[in-house]
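In what follows, a structure is listed as structure tokens, so that the remarks can point back to it.
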């Protein structure tokens, strides 16, 4: 049969009249878009060269298998997402091993009646670490980072156990312990309720204000106290920071700040907690500088565990582009863990093979994290990942 536009319809056998009314499923047979006249022709007569079933000028394109429909970078992304979460959760092991020997030793001294030995553990430093863990717990609970939140929760609980032992030995004042117990209990309950969606935004906002004021008050005081007696012993830094923090929170809640200012105040609790942990290696290295003989009391295994615990969280922080988390983890890995290993090696307190193994392991791990992250995001260079971390995508 001859059709318009030099088109022909070939019917091998006679068909019933109803067979000429053929409407192919549009969802499975794509129509070729050419000119407006061709489109109009397709609308009038379906059995044309625009229909791939009867056309002799087009062929069906092979359809790929379902598995091959997923681009390779997406598979890499999902796999590395899963692995980084596991690494972050695995940080619980070295961190728990850091605190467990101290807990066991304290229990042995308490049972032996040697309460004086527990006075060597600085309760103020332990309290600072606990407040830092509690602030970071709130930060990660808000971001729904389950593995990191579990790490901080175990940090709070293990440190609190040490403070209980110090209070039993009389090394920590009872009034400070009671106040700490109240804060820890309220903090753990509120974070748990918020994570599971059982807490209102008003109560959570008050808790965030509390840890913001507390963190900003404690951090400057710790920094100042590190350099005593080179500087006079004073509570002025902490008091000044407390007044500034309260004023900033009130201005943010009453709408006196811009939107950027409100976001800045909201991020202060996480950053102050991170800076607390970042200051710990600075304080340790300053102590090593003033009293080089004291470094002999450091255990190389303890420093390796600290390096491993913080290092395991680096890939996750880089993967989710969390600059604060990445900064704190990288700083603690390099300066607290590896930095003290370097000091031990320079003072002949550890073997050359131990130092070499720690160095090679650290460099390999950071290199692996950068390479796999770039692969997961489909970047040609790992420096692209670092650029996105600092400046955004």
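Cβ atoms here come from the backbone N, Cα and C positions, even for glycine.
Curation plays no part in TrEMBL annotations; they are all automatic predictions.
Taken straight from TrEMBL:
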| type | residues | note |
| --- | --- | --- |
| TRANSMEM | 120-141 | transmembrane segment |
| TRANSMEM | 148-168 | transmembrane segment |
| TRANSMEM | 174-196 | transmembrane segment |
| TRANSMEM | 203-223 | transmembrane segment |
| TRANSMEM | 235-252 | transmembrane segment |
| TRANSMEM | 264-282 | transmembrane segment |
| TRANSMEM | 294-313 | transmembrane segment |
| TRANSMEM | 325-347 | transmembrane segment |
| TRANSMEM | 353-371 | transmembrane segment |
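For the transmembrane segment (264-282), the partner stretch with the most Cβ pairs below 8 Å, chosen from 120-141, 174-196, 325-347, 353-371, is 120-141. Under 8 Å from some Cβ of the transmembrane segment (148-168) lie the Cβ atoms of residues 88-89, 91-92, 95-96, 99-100, 102-103, 106-107, 110, 115, 118, 121, 123, 126-127, 129-130, 133-134, 136-137, 140-141, 174, 177, 180-181, 184, 187-188, 191, 195, 313, 316, 325, all in the same chain and six or more residues away from its ends.
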